[in-house]
Amino acid sequence: MRFLKGHGTENDFVILPDPDGELDLPTSLIAKICDRRAGLGADGLLRVVRTKQVPEVADQAGDAEWFMDYRNSDGGMAEMCGNGSRVFARYLVEAGLVASGEFAVATRGGTRKVKIEDTGEITVDMGPAVVRGESVTSVGGQEYQGLHIDVGNPHLACAIGDPVTQLDLAHQPSFDPGVFPSGVNIELFNAVGTSRAVMRVFERGSGETRSCGTGAVATAVAAAALSGDTTGTWTVEVPGGSLTVILDHDTSYLRGPAVIIAAGDLMLAE
Ligand SMILES: N[C@@H](CCC[C@H](N)C(=O)O)C(=O)O
């Protein structure tokens, strides 16, 4: 099985090209591939398949020729991955499957417009990030209140007073399963002024990662809400680098780097 490896602000992914939708990828095989000791190691997996081969998205994919089949490192599905969509776009361009510039990518969370910037960074139109209410988490015995934000996938973004560097995110932070029946990605952040936030994240299905694109959008929305804003441009610093989030009236944009770092043959099997 041919694979590539890439990352966006150190949120890393195994990429499996599967243009005709022929790969059988049981959950246990994905978890094995993403295992950092027994496998290649990654926060998630991106299967690259033509939308016309995927009946459940083909009808709503619009002009997107390619579908990003995203899986968390535990093998579970997610609706959307912000960093993954940039890495996916970088792969499509480098593989010559799309012309550089602007194009669409289909995801379970909807079709997303992608733009390769002259700087080399990639901007993704993430769609509207919707505040659904409030909820609470507990990390290391400390409770934090935050906003439940839908970025295609579920987030709980909490502004905290303690420095995020001091948090112990080795274990699953608690959350309310009544509010988040399918699990949740939990962001904890320090807002610095009105345009910068420092964030750490515990991702559903992957644990603590060094970056989360949808989480950065949720963080920007929650940070802006602290001063009653719903629009603006935010720099979101994560352990793996820095992302730009632009909150517009009816959509949000995520901009950042994406690189492919390796390619090879995978011998793992079920
Ligand atoms: N790292 C991603 C989000 C991946 C999906 C998430 N773990 C979920 O289960 O919703 C990003 O960059 O957005």
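Backbone N, Cα and C atoms are what each Cβ position is placed from, and that goes for glycine too.
Feature annotations, courtesy of TrEMBL:
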BINDING   Asn11, Asn72, Gly82, Asn83, Asn153, Asn185, Glu203, Arg204, Gly213, Thr214  substrate binding site
ACT_SITE  Cys81  active site
ACT_SITE  Cys81  active site, proton donor
ACT_SITE  Cys212  active site, proton acceptor
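Overlay of TrEMBL feature records on the structure.
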{"residue": "Asn11", "record": "substrate binding site", "Cβ contacts under 8 Å, 6 or more apart": "Asp43, Gly44, Asn83, Gly84, Thr209, Arg210, Ser211, Cys212, Gly213, Gly240"}
{"residue": "Cys81", "record": "active site", "Cβ contacts under 8 Å, 6 or more apart": "Gly44, Leu46, Met68, Tyr70, Thr107, Asn153, Gly213, Thr214"}
{"residue": "Gly82", "record": "substrate binding site", "Cβ contacts under 8 Å, 6 or more apart": "Val124, Met126, Val151, Cys212, Gly213, Thr214, Gly215, Ala216, Val217, Leu254"}
{"residue": "Glu203", "record": "substrate binding site", "Cβ contacts under 8 Å, 6 or more apart": "Asp43, Asn72, Asn185, Thr209, Cys212, Gly215"}
Report the residues of the chain - excluding Asn11, Asn72, Gly82, Asn83, Asn153, Asn185, Glu203, Arg204, Gly213, Thr214 - with C-beta within 8 Å of the mean position of the site's C-beta atoms, for the recorded substrate site, in sequence order.
Gly44, Ala78, Met80, Cys81, Gly84, Val201, Ser206, Thr209, Cys212, Gly215
How big is the substrate site in terms of the longest C-alpha to C-alpha distance among Asn11, Asn72, Gly82, Asn83, Asn153, Asn185, Glu203, Arg204, Gly213, Thr214, in angstrom?
17
Between Asn153, Cys212, Gly213, which of the recorded positions has its C-beta surrounded by the fewest other C-beta atoms within 10 Å?
Asn153
Mapped onto three states, the DSSP assignment of the residue listed as 'active site, proton acceptor' reads coil
